[in-house]
Amino acid sequence: MAQLVLQDVRKRFGKVEVIHGVDLEVKDGEFVVFVGPSGCGKSTLLRMIAGLEEVSGGDVVIGDERMNEVAPSDRGIAMVFQSYALYPHKDVYGNMAFALRHAGEDKKVIDERVRKAADILGLEDLLKRRPKELSGGQRQRVAIGRAIVRDPAIFLFDEPLSNLDAALRVQMRVEILRLHQRLKTTMVYVTHDQVEAMTLADRIVVLRDGRIEQVGTPLELYHHPKNQFVAGFIGSPRMNFLPARAAGEGRVTAAGSGPIEMPVEPRAEAGELTLGIRPEHVEMVAPGQGTVAGEVLVAERLGGETFLHVELDGKETVVVKADGGVTQKPADRVGLRFPPEALHLFGGDGQAFARRERQGVIA
Amino acid sequence: MTEIVEQAIGRSRTARRRRKTGGITHIAVFLAPTVLIYSIFSIYPLIESLRLSLFDGQPDGSAVWIGLGNYATLLFDANWAVRFWNALWNNLILFFIHMIVQNPLGLLLAALLSLAPRFGGTYRTLIFVPTLLSVVIVGFVWELILSPLWGVAEGMMSAVGLGWLYAPWLGLEDSALTAVSLISVWQYVGIPMMLIYAALLSIPDELLDAARVDGLSGFAIFWKIKLPLILPTLGIVAILTYIGNFTSAFDLIYSIQGVLGPPDYSTDIMGTLMFRTFFGQQTQIGDIHMGATVASMMFFIILIGVTIYLLGVQRRLTRYEM
Amino acid sequence: MSTVDTTRARRGRMGRLGAAAGVHAVLLAYTIIAIFPVLIVVLNSFKNRRGIFTEPLALPRTETFSVEGYATVLTEGNFLLYYSNSLIVTVVSLFLILLFGAMAAHALSEYRFKLNALLGVYLILGIMVPIRLGTVAILQLMVDLSLVNTLISLILVYTAQGLPIAVFILTEFMRTLSRDIKDCARVDGLSEYRIFFEVVLPLVRPVLATVAVFSMIPIWNDLWFPLILASSDATKTVTLGVQQFIGQYTVNWSAVLASLSIAILPVLVLYAIFSRQLISGITAGAVKG
């Protein structure tokens, strides 16, 4: 087990810098998830931690040793790859034992560790199979087992669930969580799926264009996004954004609404403002009441809940997460209430106004 | 419900004719040209050769069925057998030299190229140049370079102090076959190189990353991961080398050494033997039945090789899904 | 932060540099071996007899420069004709191989019918067994058809020779094409023929290029069949032409070197232009096959 420190880590491919100085401390035993849109540099960063990409600038420290030039196998890490990267010419046992055998580990020790890992992951009956005889979920388990066997200080996961179907993904997510609870090893996990990030992480690192946008616990990111990008990225369906104008005394107007009192610390802001509210916080009220009004465009009924896409009179669209039983149909007029304590406000540069803590809404 | 269906059936009966699904005419049309040309100019001649090998030509031009008589002559008649076994033996030496020189060299070059060095594309392009040239041209080029008359090879070897090693290899009984084989290796090494290179490229990067995380160095990755995964390709290279021996090797020897496989039949192979038997040369009249017999023997020899490959080698070399 | 890493790091960097140098040394050495013989022939073809023998490794200088060899070749040989023969044979054979091969591959990959698997095996036989083994009967056949000493005889043989591997590669590839796009065309009312020509053929164009490359080299360079089926002056291909020209002019070194260069240069020029496609074609084909 070990902590991981990244200090002003940079990556250049030729003249192009793709990681622009990342600083991060991951505590021993922590589960940290890197999340961001594709091309944000999250996989590159992970590969630099693993030693598969050279570090162009800054330091990668694992435990208390600077690892920049150390070979991947000497860093005390184990990695689970997106395509599982199982050796097709070796059976499950051979795959899991491979690294230890190569390191010249004692046969008995290898056998013990492989069997223990197989036991944890329920692979006992598959040890003699070749990768091609396994299902996707089983391959994923073997890939994780291969990592466990190495008894690493840090587990690195590179989008490990993205090749699985939806149902299996949920199941494996739970298994990885249980694995972390059981092993209590530091884990760094890369994904583009914010649901995975929210459910797995102790702390989430949101990356964009090779920079960290925000680091925090899932609920910190949910309730206190630092900027519009994080606000939009975390949460599903994504937060509604409406252009807004300052109306004085800490209030704004948006989409034809009257002045709305904002739960934020005031700050001098010259540019355009953006009002943000999550679909699950919008309340449906009778037409004519509430903050704004509009017409239902589409109703997506999922059974337990319904997503209503409402076109406001100002022509912006707002998504409302409503009860599964709502009766509104397309073309119906509805009123929407924005509870003030649930609102977010962003400046012209996309930076969020600091939100005031209020009655229990904010964790 | 049933009413609707009945009405629909009635309407479709009375409606104008529509195109129907199914039918096999188009399948036949698609297949006909290939099957015809291939059957007439490839399969039929092969079968006809097998048939001709069972007959003996008469002075009046007719042919008499003699069963396996021609094969008996080829294998046991003193004059024929010595040439046949000599040619077959030379073919096997040719194959052996390709297997121990050409294919390992191709593997080495491919492995180095797969490391994606700078100018890798340029190296690959230039190394493939000889493969494009006609065997005839290659043969003459090397004949000139190795020729004691011109002295290029001798001059260059002298320049590095190895002049005493030089000999007119193509003209010496001991070295002619090896020299010809190495020329052929020089020409064709690009093919195994390319096939193996392509196979190496098809190994996913993540697998190699995983091996690095598992602590393997570049060399160990090659031996323990890459090589096992490209074994099927090496098998294909081996069988292609085997078959190529009985075909393209003729062109090279014919253009460098002529049809007699000189000196003293030391470079005579099945191809030259077949050509000579069929068309004849100074001391021997052409004989299509014996020619067909030699060709048929080559057919069986190739068949044996291919069978060994299919049953023995290929079955053990599993193709891995990657 | 500790400093344990420094030695390990330095060794790592030095090792990497050393390895890279080794890789380049081997590749460069073999590259020289591969092209040196070709270079030396082409270089010396531009020298006079004296230059060829006294300084074979030098570049042509003013005193040694000469194109007398080329003059002999162009007046004595009939290379323009040989070239056009080779070109006709190669281009027409390739066209037939690609067209017929694609048609057959389409039938084998698209339709389920009784003889499908059997036909596949029947065609694969042609990959394993060289067509030359049937030479005896091919010659008889061509005599019977009065096709000896015609380019048609060569075209037919080369087409038969090239079809199996073409069908094999194309079938493998066509199996990976989406059914949906063909079914979509069917719903749109296209006939099976138009589906092949307008939907399938454009989709397999890159593979056709691969097959063309595969099939072209052995046809262009073949000596056996031109020698046996079409050795008359009017039907000689370049390969055979050069072979026989050199046989006649063995003592005229300038002419020999010039004729070799004439045979090499166009191939090199074409290769310089198309090498990227050619190499990627072979690589792609190898991955598939």
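All residue numbers here begin at 1 and follow the chain in the order shown.
Note: Cβ is positioned from N, Cα and C throughout, glycine not excepted.
Keep in mind that what you see is a predicted model, and the values were worked out from it rather than measured.
Features as listed in TrEMBL:
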DOMAIN    C:83-274  domain 'ABC transmembrane type-1'
TRANSMEM  C:21-43  transmembrane segment
TRANSMEM  C:80-105  transmembrane segment
TRANSMEM  C:117-139  transmembrane segment
TRANSMEM  C:151-174  transmembrane segment
TRANSMEM  C:195-220  transmembrane segment
TRANSMEM  C:253-274  transmembrane segment
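With respect to Cβ pairs under 8 Å, the transmembrane segment (C:195-220) is most closely packed against C:151-174, considering the stretches C:21-43, C:117-139, C:151-174, C:253-274. For the transmembrane segment (C:21-43), same-chain residues at least 6 beyond its ends with a Cβ under 8 Å from one of its own Cβ atoms are 56-57, 59-60, 257, 260-261, 264-265, 268. Tertiary neighbourhood of the transmembrane segment (C:253-274): same-chain residues 38, 41-42, 44-45, 47-49, 52-53, 66-70, 72-73, 76-77, 79, 83, 220, 238-239, 242, 245-246, selected by CB-CB distance under 8 Å and a gap of 6+ residues from either end. Through the fold, the transmembrane segment (C:151-174) approaches residues 85, 88-90, 92-94, 96-98, 100-102, 104-106, 108-110, 120, 123-127, 131, 138, 142, 145, 200, 204, 207-208, 210-211, 214-215, 218-219, 222, 225-226, 229-230, 235, 237, 285, 288-289 of its own chain, all at least 6 residues removed from its boundaries and within a Cβ separation under 8 Å.
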